[in-house]
Amino acid sequence: MFILRAMRLLVRALTAESSHRQIAAGIALGLLVGFVPKGNLLALSVLTAVSACRISLPAVFFSAFLFSWIGLLLEPWTEPIGHWVLTQPALYDSFVWLYDQPLVPWTNFNNTLVMGSFLTGLVLCYPAYRIALPLVEKWEPPVTARIRKYGVGKWLFGAEWAERVHSAI
């Protein structure tokens, strides 16, 4: 059922009434959501800010799912980035001031992995958008037509209702 839910998100992202730019922005911001380690206020704040934007939320959630796994593989490279940023002498006073503010310590910005993953996600957001936009423009119309033609989307959405009925029983 876990894979089926991810496929439903992809089908919903492709068949929704969203522009190509909204889908590409959803993919790019999903990268940011996926890269940030979960379980802290920073991840919740990023997800809330992204959800408030007018972009394709199914694309955000599908790409966040995908990039969460990629982010796990990139941890050996993002942790040293966070360590380097957090140990810069010029930023020390700023980080001390931030840590003394209410709620900011709950963001775990002082964790090297959180800082490195967040900065990596921020840096990769724009290139991800620029790469995703032509791909979405090229592949979204034929994939959507094929999904609607063969009823794959209807089957996947029907599976969602079957799952709800099964859980209610």
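Quick reminder: no glycine exception, Cβ is built from N, Cα and C everywhere.
Caution: TrEMBL annotation is automatic and unverified by curators.
Here is what TrEMBL says about this protein:
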| type | residues | note |
| --- | --- | --- |
| DOMAIN | 9-139 | domain 'DUF2062' |
| TRANSMEM | 21-43 | transmembrane segment |
| TRANSMEM | 55-74 | transmembrane segment |
| TRANSMEM | 111-129 | transmembrane segment |
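With helix defined as DSSP H, G or I and strand as E or B, the domain 'DUF2062' (9-139) counts 106 helix, 0 strand, 25 coil. For the domain 'DUF2062' (9-139), the predicted model reports an average pLDDT of 91.
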